[in-house]
Amino acid sequence: MGEYMVNPMTSFTTVGLPVHASNIFTKNYEGGTLCAISDGMQYAWTAPIVPILQRPDSPIPITHTDVVWLESIYMIGGMAGIPFIIYSVDRFGRKATILIGTVQHIVSWIMKAFAPSVEFFYVARFISGFAANVDFVAAPMYISEIADKRVRGFLGSSIYVMMLVGILIIYSVAPFVSIPISSAVGCSFLVVELFVFPFMPESPYYLVSKGKMEAAKKSLQKLRTTTKNIDKEFEEILSMVKRRQSEKEKRSYADLFRIRKNRRAVLIVTTLNCAQHFSSYSVILMNLHSILNDAGSMLSSSNAAIIFSALMLCAALSSSILVDRTGRKMLLCASCCLTGLSILSLAMYFAIKNSGHDVAGYSWVPATSAMCYAVFFKCGMGLIPIVLTAELFPSSVKAMGMATASAMYSVSSVVSIYVYQFLSDQFGMHVPFFIFGFSCFLAAFFTIYFIPETKGKTLAEIQLILSSTKSLSTAIRDIKPGSPEYATLLLKQQQESTA
């Protein structure tokens, strides 16, 4: 995939894109998202593996405490890796950071394949969580900076689609083979990445920020199959990097909470990240097989998990189209309500089962509830927070805002896992699911009154809504182009950006 190699994908168009865009698509797809497949496998690893480790003939016997730690230490590793990833993308570059993360993932899979004790699983899960930040920070940054503008959005979303592909793979493979073999499958994608990705050029934005102008221009030329408009695009990169550096010098982390619009953005993103996990997302992905086994589902847990992950993948692909047609707010609100109903039906099933009643005639309920959850969650709650995180923060604090969002994502995941394990042990599995179900309806209420509809609005208009001195619900209704407050807030925002 070097400079002079011909990619067969360039001979035809991809998803209706021009040949030039198809070439960019192929390079990014092959080089920038394979690690996301591995990360999806790592995220859902405990769901099929824990039942294997709990069998009487387990190669490594584990306790209930081990299960809690195996699930939560992955997210703890994610939190620990945030400072490193922020430092690494600027110090070593986007490309080098992705390769570092790839090596870390390989080490994790090797440790899982040959682990002699559960402690090795602990370390491997921590390393994989640490490396997962590549998929949430370094890879999206790299792709957005090298991709042609015609396919930038599509390529950016492909990372999250590849993670769902990884979940589907681990659910389809791990229950039927040994742990070393499933680890080898996960490692195989990373080995390909390790051989392919070094031939990709570094981000021209990063090279310009380091003063390497000639290298940046050569990188841009390699990334574009035509030299037309190269000089113009390079000037745009120079201008943007200069503006970013100027804004970075003026802003501090305190600005996330000192400035009203940033404070409101943090509130919205933090609440939605908490809502994602308190809708039982991490709990279900990491415990799906155990939950369905305990429920006595009519489908085997292995087969149900494969269908679950396939439905989630299809829903994610469909929702990426719906989000720009129906709008963020309506889709998110509907998703919250329908996801809540799915979880509450599962909670009621467990409540009736735990009370001693015969539920044999209703064994279809757990699997059906899980399938509905997969579709309804991914159509809104699993997608919209990602979109809003990119839209709500102004460029001057976007990196800090996204890092804060990533930290809150990890924290809320760990808390939800502990809440589930503690309450299910003490009071029965129905109790945490009742809490998760009602949390979804609280998220729907928050969506209606506190989240602005960003469909069809420019980033400047979104910032005006968040800057208003009115309550969020009032500002969402009143701040429109041409309204009395619009011009005043626009001027104020311009003054803030130059302050």
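Heads up, the Cβ atoms here are built off N, Cα and C, so glycines get one too.
Taken verbatim from TrEMBL:
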- 16-455: domain 'Major facilitator superfamily (MFS) profile' (DOMAIN)
- 67-89: transmembrane segment (TRANSMEM)
- 96-114: transmembrane segment (TRANSMEM)
- 120-142: transmembrane segment (TRANSMEM)
- 154-173: transmembrane segment (TRANSMEM)
- 179-200: transmembrane segment (TRANSMEM)
- 265-284: transmembrane segment (TRANSMEM)
- 304-323: transmembrane segment (TRANSMEM)
- 330-352: transmembrane segment (TRANSMEM)
- 364-388: transmembrane segment (TRANSMEM)
- 400-423: transmembrane segment (TRANSMEM)
- 429-451: transmembrane segment (TRANSMEM)
Flag the pair the transmembrane segment (364-388) / the transmembrane segment (330-352) as in contact if three or more Cβ pairs fall under 8 Å (sequence separation 6 or more). yes
Contact between the transmembrane segment (400-423) and the transmembrane segment (330-352) (3 or more Cβ pairs under 8 Å, separation 6+): no
In the same chain, who gets a Cβ under 8 Å from the transmembrane segment (179-200) while lying at least 6 residues past its ends? 1-2, 27, 30-32, 34-35, 37-38, 41-42, 48-49, 52, 59, 95, 98-99, 102-103, 105-106, 109-110, 112-115, 146, 166, 169-170, 173
Outside the transmembrane segment (96-114), at least 6 residues beyond either end, the same-chain residues with a Cβ under 8 Å of its Cβ set are 32, 35, 38-39, 42, 45, 85, 88-89, 120-121, 123-125, 127-128, 130-135, 138-139, 142, 179-180, 183-184, 186-187, 190-191, 193-194, 197-198
Criterion met for the transmembrane segment (330-352) and the transmembrane segment (265-284) (at least three Cβ pairs under 8 Å): yes
Across the domain 'Major facilitator superfamily (MFS) profile' (16-455), what does the mean pLDDT come to, as a whole number? 85
